[in-house]
Each structure stands twice: as C-alpha cells, then as structure tokens.
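Novice: Let me give you the structure first, and then I'll get to my questions.
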Amino acid sequence: MNNLRYNRLLIKLSGAALKGDSNTDNFDIKKLKYIAQEILAIKNMGIEVVLVTGGGNIFRGNSAEYWKIERAEADNVGMLGTIINALMLKAALEKESNYKVRVMSAIKIEAVAEPFIRSRALSHLYKGYLIILAAGIGQPFITTDYTAAQRALELRCDAMLVAKHGVNGVFDSNPKEDTNARQYCTLAYDDFLINQLNIMDHSAVLLAKQHNLPIHIFNFDQELAAKNICLGKNIGTYISSNTKMQFSN
C-alpha cells in the first residue's frame, strides 16, 4: 500500500492489555487473540512490526517495598515477567497467522528466546518476521517505556506506538478523577515534559525528543486504532517536534 504513514513501527504493549478481568488471571485468551489480530492488521498492510511488552500483569518492579526486596531484584523479576508475556504473544500470533515470530531477550534465556543482537533483529525485519523484544534492556531501574524508545531508535523504526489500556490518549488531568479533563490531540515533546504529564516515562519522551522519534499514545481497546494511525487518521495523542499543543474536539 502506497498511502501508509509508516513502514516500520515499534508498538509498546502494557502487561495490563493481556490480563484477565480477575485479579488472579494473568492472561485472558480473548485478549490475547484480540491483540494478535490488531497486530496482524498492521502487518498485513506490509508494515514491519517490532513489539515490546511490559510485565505489569505478572509483577511490577515498583512493588519492591511491598515484597520487602531490593528494587534491583524486583526489576529482575519484572524482566522475567516480560519474557513470559512475549512467549504468550508469540503463541497467539502464530496461531492467528503464518508469519514467523521471533522472541528476543536482553538477558540470556536461550532455551526459549534469542539474545537481542541488533544486526540479527534487523535481519529478521528484512525477512518479514515479527519481533517481540523482552527483558527490557537487561538492566534494573529502566522502564519498558524507555526500552521501547531505545529499541525503536536502534532498529530504525519510523515511529513508536504506545498502546494503553482503557485510556484514549494524553489528558491534562486524570480523566478517571476529573470529569473536565481534556484530551490532547497533538503535543510537542517539550509540552509533555514541561506539563509533567505522567502517562509515559519522561526519560523515554526525552530520548525520543533527542532523536526526533514520533510517538502515538492511544487506546488499544479501540478496534483497529493502530491500523488507522498507520493510515494517517488522528487517533489518540500524537507527540513530535513539529506539532503544537492542541486539544481534541
């Protein structure tokens, strides 16, 4: 298709997108199928796709205090959670398509995932494979948001899509607490940082700003939202260097 906005994308998925409705369900089979179908809708247009998974449905590094363990150890557990999520997504994608899917991990776990090697990841993309990146960058104190921005730059992605669960984009206040909260349609990187908007890790936005990586923050629960973004439609919030702060109608 010649009217595509992007040719290569990184999509950052939260662990919450995979989670069942019960607090005891780390995964939901219907949600996994839905995620796979949404990703494949993009892939089927000829777009190269990289996925980065969060691990919050299994374990969060910021729960270290609750578990009375050091933050570094908690982050290590969280990295393992992202590997589990990546393997579940791989299985779902392979069930719904004939595409080859590769899980690449920043920590060694070679029985189930390839090590992340940039040149190998680029080779996979050239061959038309789907790539799922897990275990962050292999270091504690680094969020998966930052990982997503770094990997998007390493793999020469045209943009980063940040898929949120139940949130339509960036708001000027918490829409769950403030009925008058307004959604931004577009933002410059500096607008996001100066206004201390907290839907995404600021270090990731700063890295994107330094290298002019466009960011789309959108509600993944909205069917075909990611595909429509790739077709040029205004969905969610778009963040870049050459956009002005505007609210949605």
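Heads up, the Cβ atoms here are built off N, Cα and C, so glycines get one too.
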Novice: Please identify which of Gly55, Gly166 is recorded by Swiss-Prot as part of the UMP site containing Asp75, Ile137, Gly138, Gln139, Pro140, Phe141, Ile142, Thr143, Thr144.
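Specialist: Swiss-Prot names Gly55 for this UMP site.
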Novice: Taking the Cβ of each of the binding-site residues and counting other Cβ atoms inside 10 Å, which one has the highest number: Lys12, Arg60?
Specialist: Lys12
Novice: Residues with Cβ closer than 8 Å to the Cβ of Gly56 (ATP binding site), same chain and 6+ apart in sequence?
Specialist: Ser14, Gly15, Ala16, Gly81
Novice: Assuming the binding residues for UMP are exactly those in the record, Gly55, Asp75, Ile137, Gly138, Gln139, Pro140, Phe141, Ile142, Thr143, Thr144, what is the maximum CA-CA distance in angstrom, rounded?
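Specialist: Farthest Cα pair among residues binding UMP: 14 Å.
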Novice: Go through Phe141, Phe171, the listed binding-site residues, and name the one with the sparsest Cβ surroundings, counting other Cβ atoms within 10 Å.
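Specialist: Relative to the other binding-site residues in Phe141, Phe171, Phe141 has the fewest Cβ atoms within 10 Å.
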Novice: Quick check for the class: what is the C-alpha distance, in angstrom and rounded, between Gly55 (UMP binding site) and Lys12 (ATP binding site)?
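Specialist: Here the two Cα atoms lie 11 Å apart.
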Novice: For Gly15 (ATP binding site), just give me the three-state DSSP call.
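Specialist: DSSP assigns Gly15 (ATP binding site) to helix.
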